[in-house]
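First the structure, in the form of structure tokens, and then the observations on it.
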């Protein structure tokens, strides 16, 4: 270096050869043996032990050994990448699924789940940088970095730093109802202002449910305005469809089919109490038929306190915005039965002190909702790895199909086999087959 770089693993022949060649005057002695001397991994020091034949007296070989020490300078003792997860467990579960599919956290030495985020710890700064780069490709994030001096050895002129990367992920999640700021709406060609978040990746896909217009908001545009959702999926209300009529032809939006329709709906909770009926426009005309159930945002009785909404003077809000078809009634018949598929999770330490009284119940509810979204949305499943559930019995499969007709499910051909090889002989056989 710096003219030529050699890639060599620790304690490899290539690395040993490189060190020995850098020593002078070895041609004047006879080299007997060369080997590495074990050092603490966190010391960042590499020691090489050489045994040479110095001279011969009366036929007796006098051997002399000495140790050469190499110091890797300007190294850190630890890198920590702090990922601030979204408040909604739905977004956190999706992020974990993406990390597992791409094996993005394979270099992490420890993962810790906090109250409002996840900590990823790495031994090497480059691993942390690579992980942050991965997050920027799958989620709308902004990050900042910092480093702290841990120790300084004046004799060897070495410095140990702790590098910290703070990553903040946008709190906007799929199916959120958003009121766009006036400047953002104008930059998107007058979209909205009330729109639905249709998809979240390294940009945010927005859909106007009244005009079926779609637009994409990139990361820089979002963080300049940094708006929040008007209503989230936790506030969805169940409605029953009384009547409906399509008013447009099929429209392909981001690979998904949409049909604009006029619908007459009523809240399920109003049955037997009042005769309140809503006439709304919806983009779900291809899915909803009289008698079906749907989930939507109730703007008729909602008390909105949104800064962006107040900027639109004279804006007439729709009474209801439908988001998706509901299969809750049909799912009641399958309640308690295991799914034929499952998701894997990261091996994380949990900060017990950060949990609240209903923490586990909330996580369980959010996780169940996420699994249902996976069953209903093939595009969402495309980004994750789903595995066969070994606890699912074939006998239950037939009864499940009969009980849950028309309920979305994951096709078996999309599932991966969950290999669990514990026997050493099986591992050897598998390696042999690969070779």
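Keep in mind that glycine also has a Cβ here, set from the backbone N, Cα and C atoms.
If you check TrEMBL, you get these features:
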DOMAIN    3-92  domain 'Nmd3 N-terminal'
DOMAIN    97-169  domain 'Nmd3 N-terminal'
DOMAIN    172-214  domain '60S ribosomal export protein NMD3 SH3'
DOMAIN    236-325  domain '60S ribosomal export protein NMD3 OB-fold'
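With helix defined as DSSP H, G or I and strand as E or B, the domain '60S ribosomal export protein NMD3 SH3' (172-214) counts 6 helix, 15 strand, 22 coil. Residue counts of the domain '60S ribosomal export protein NMD3 OB-fold' (236-325) by helix, strand and coil are 7 helix, 42 strand, 41 coil (DSSP-based). Per-residue confidence over the domain 'Nmd3 N-terminal' (3-92) averages 67 (mean pLDDT, predicted model).
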